[in-house]
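Novice: Encoded as structure tokens, here's the structure I'll be asking about.
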Amino acid sequence: MTLWVLGLNHQTAPVELRERAAFAGEALPRALGSLRDTPQIAEAVLLSTCNRTELYAVADSAQALDQWLHAQAGDLQGYLYQHADAEAVRHLFRVATGLDSMVLGEPQILGQVKDAWSTARDHGLLGQRLDRLFQQTFSVAKRARTDTQVGANPVSVASAAVRLAQNAFARLDDSTVLLVGAGETIELAARHLSEGKVRRLLIANRTLAHAQELASRHGGVALPLTELDRHLGEADVVFSATAAREPVIHREMVAKALRARRHKPMLLFDLAVPRDIEAEVGTLNDAFLYTVDDLERAVEDNRRGRREAAAEAEAIIDLQVSRFIETQQASAHQAPLRQLRAFGEATRTELLERARQQLANGKPADEVLELLAHGLTNRLLHPPTAALRAAALSGDADLTRAAERLFPATPGYRHPPVRPDDADPAP
């Protein structure tokens, strides 16, 4: 059976198709149950995130994976990618390391890969091949991230803003943070904030339901945007990224908030284009305003560093893919070797016991030894002899060449005359 990966991601499919192919909540255990009931798929791990859905499987053909995904999510032809064996291994190593992510080197994907592996194991979908692959994946990803700077320093304006806030305030766990908006940028900021500790998280948005959804994921308090003015003074740090065409935070709002705070400093990050916070806010004492342009300059240096580190990580992955495939091939060859040795040992034990009985019954030793040697020869050579005869009839030259390598001609050896009972040795 072959190792396959079939999937789509942010590079190959728009968000509406990724949503259709996503497996979250109750849909995930149903999907895993369906995979378990698919006889053509021997092992499977289903990785589903907001940016990708990928099915890693051991199966005879990719058609089984394609049919299963089509039944679950409809026609996705033209948006899917498919890799087999070594390229499937390489793809998984790159995904887990963050080299295939929307944000190069982002660390969250490794945890998501581990969750997918753990969930597949809990649903009885893991066998030896996928389990070994994923265990090796975790090791490779850890090494690539440790030995290179591929995950170092923020490369999005949201993560850079959070890092700057953490540096400005020695302890965010003693601070109140206000998020204005509920889109992708604010989601990313909330995710980075939740990795640390924040004393209090407020989330204001024009659509309250979206703020409530974000607050439930990150332990915050949702507010309607109409209450922004009333709560602004509570915030030590403000991140704003709405889709508004005009500023939502004005100079007078911040001046009022500072008075209510007795001019305790406020850190404000305007992550929106067009801007959410009036530029004049930056002229206020104790208000420290950073815009997208301010953050972008720092982020670009970090991105350049990650791209250079990514090349180093790719080299590590190339080496580890080769080693993993070599190990797998060696392991695959062990099974027939074990079978061959077991067959030889069983034959030896059986015929040796027969010889002992013949000696005990008084048969001459020379005759017993001759029968033992003849029996071993017949029994051990019968399977390859039968296979070679079949190969000759079918024109299988590969097997014939393999036999020539396994049983090279012995110089000076003359075949004995064939006895009638040697013509077709039986097991």
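Yeah, the Cβs are placed from backbone N, Cα and C, and that goes for glycine too.
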Novice: Choose the correct range: of 134-154, 407-427, which one does Swiss-Prot annotate as region 'Disordered'? Give that range.
Specialist: 407-427
Novice: Any idea what DSSP makes of ILE186 (NADP(+) binding site), helix, strand or coil?
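Specialist: In three-state terms, ILE186 (NADP(+) binding site) counts as helix.
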Novice: Between the binding-site residues ASN51, SER101, GLN112, where is the Cβ count within 10 Å the lowest?
Specialist: GLN112
Novice: For the binding-site residues listed here (PRO107, GLY181), tell me which residue's CB has the most neighbouring CB atoms inside 10 Å.
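Specialist: The most densely surrounded of these binding-site residues is GLY181.
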Novice: Cα-Cα separation of ALA182 (NADP(+) binding site) and CYS50 (active site, nucleophile), in Å?
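Specialist: For ALA182 (NADP(+) binding site) versus CYS50 (active site, nucleophile), the Cα atoms are 16 Å apart.
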Novice: Give the sequence-ordered list of residues that share a chain with ILE186 (NADP(+) binding site), lie 6 or more positions from it, and have CB atoms under 8 Å from its CB.
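Specialist: For ILE186 (NADP(+) binding site), the qualifying residues are ALA158, LEU179, VAL180, ILE203, LEU214, PHE239, ALA241, LEU271.
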Novice: Within 8 Å of the Cβ centroid of the substrate site residues THR49, CYS50, ASN51, ARG52, SER101, GLU106, PRO107, GLN108, GLN112, which other residues of the same chain have their Cβ?
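Specialist: Output for this site, in sequence order: GLY98, MET102, ILE109.
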